[in-house]
Ligand SMILES: Nc1ncnc2c1ncn2[C@@H]1O[C@H](COP(=O)(O)OP(=O)(O)OP(=O)(O)O)[C@@H](O)[C@H]1O
Ligand SMILES: [Mg+2]
């Protein structure tokens, strides 16, 4: 768009821009700030949500975040604002609903630099001081940034990824290393002091040496306490921060996975596998860091030991190396057993999850014994695997212990022997004691290294588990790129075929039909004929179809997925309501919606009357699993939730199947209202509720058998007529039970 000549900032100088509505200027300011970070926003995407109101900060932030950036709203004082020196463009919210784009600040001169959001990029910014800004600025700003991992979002979750995460805490890591190094050096002093005490104080009865040594011990103890406190504190902060970063990144990834993935995988299993990532984190900040730090100790302690006694030092190193060797040898077996234990635990938590998630079914079908049996079985697996793994570790520990004892106690005997036998290089008692105190420190880094290699295997498998979930192709590209055409709702299928991944027969084959915008389209057909599959394609849940599916003439796969789903209102047979008030559930977190919208949507969905009868009205709390409202009420809330954003395309997949005739009648009566001005796709087994549809599409085995209005189908489509007569048999005729669907193929009797 050309906005060539507006060089003055619109409001900082007090002159309102008359060419653009304030809210447009505000959007443009955010858009420009985002573009600075390489994020392309589309104004239509935003306007779609917020309707007519002035864009609020949360809505703007959401807009940025949904398109791959991060945004943070803040309320600032002038003095904070002028100090934001090196921050790239910041959107300043103005009282008239517009915004300015601050591109720089200069606190020595007390000015900030503003540009008009619509000005061309080479327009020079305008300096604005506190007084001029005060008149227009609300104090609110929106900071926009690229997401740190934005560009690498699709990076595989692997060691490199985690390493980047850990290195992201570089400063803390450095502090931990420094503290540890100093502590390593300090570690040498106690043995030195002991040495002095024994050799000088005890042997020569020197009180003055004792006094100065005591002072030294006191000072060192103080530093040691301080340092170890600091090291623990820093490690704690680092690990929690790391956990937060990992959690956020992992959850982002998980949410970006396509629905198809979650449908195929067991929820408990997914959770288990994703949480394996924490095992890796634990390893990196626990064992890996610990061993790394121990190595410093080794670097300091080892030369000291050799200085004390070469022979003893050599013996110690050999014994420690033997320990490492034993552990290395046992590693593969231990690794395998531990792997089995982890898998068994994962299986068990999967069973637990399934039972809790399906507790209604478990209780109502009295399946407790069955579930308990499953649990017992899994628990038995866990027990045997843990025992095996534990026993193996025990064996290793036992095998290593003599060597450990040798390092810690045996050495002193050899030292004593050396002291007695050799007169020239004999050790003094003090040196021997010092050696004993430090010898143990050689073993732990070596043992740690050996364990490290063991852990590496475990961690590699944990990473693989997490990766098997997180490294799947995500929808992120489709969610953030693609067209955002205005949606009217004309649908055109031409030669669409689709087979579910892993299925042998196609769920849809060569589906061809089209309906203009504003059509009320019914879908009927026996169970498994592909009705829901059609609705899934429309929502972009399954995108690997062949043929062409166009929405308003545009191939569906070219449309931005977020945009498509937001333009689409969907009500399923069983809808999930979140814990929260009725109002929250209907708004469902979409910004810019008010209670009026909620009431309007509830009215359209036929939910208003029952909501108003509730004690707290729209503020009534819905419990987990929506246990405190009826099924019909829940459906109507779901419909309200779907229509509140006024989508051009609505999909109702057996939305009324679970309702009693009365609630169904209420909803159906509202459907005609609802359908006004939008395309509706209604899947229903009850043909009576589809009679009003403009077009009814009859499906069978993934094919479209016929499409037309009710009367036409009744006249020419056998399958439809059969269904119709089955469902509308005069009551009392043959009372031999409910009409079965199985003889659908036959003609009407
Ligand atoms: N997630 C899935 N994975 C694999 N196959 C599937 C999946 N969902 C459906 N199918 C298969 O696709 C075919 C069409 O299923 P669809 O759900 O579209 O039927 P439907 O007409 O909606 O049936 P109903 O009336 O029972 O809801 C069926 O044969 C089904 O087995
Ligand atoms: Mg279905």
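Backbone N, Cα and C define each Cβ position, glycine as well.
What TrEMBL records for 1-20, 728-749 is region 'Disordered'. The annotation domain 'Peptidase C39' is assigned in TrEMBL to 15-144. The transmembrane segment annotation in TrEMBL covers 172-198, 210-230, 288-309, 315-338, 395-420. Among the features that TrEMBL reports, domain 'ABC transmembrane type-1' is placed at 176-458. Positions annotated as domain 'ABC transporter' by TrEMBL: 491-726.
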Field: For the transmembrane segment (172-198), distant same-chain residues with Cβ under 8 A (at least six beyond the ends)
entry: 166, 209-210, 213, 216-217, 220, 223-224, 227-228, 230-231, 234-235, 237-238, 241, 289, 293, 296-297, 299-301, 304, 428-431, 433-435, 437-438, 441
Message: Given a Cβ distance threshold of under 8 angstroms, which distant residues of the chain, six or more beyond its ends, lie next to the transmembrane segment (288-309)?
response: 176-177, 180-181, 184-185, 187-188, 235, 316-317, 415, 418, 427, 431, 434-435, 438-439, 441-442, 444-446, 448-449, 451-452, 455
Query: Excluding the flanking five residues on each side, which residues at least 6 beyond the ends of the transmembrane segment (395-420) place their CB within less than 8 Å of a CB in that stretch?
result: 309, 311-312, 315-316, 319-320, 322-323, 326-327, 330, 334, 426-429, 432, 435-436, 439-440, 442-443, 447
Statement: Mean per-residue pLDDT in the domain 'ABC transporter' (491-726) works out to 88
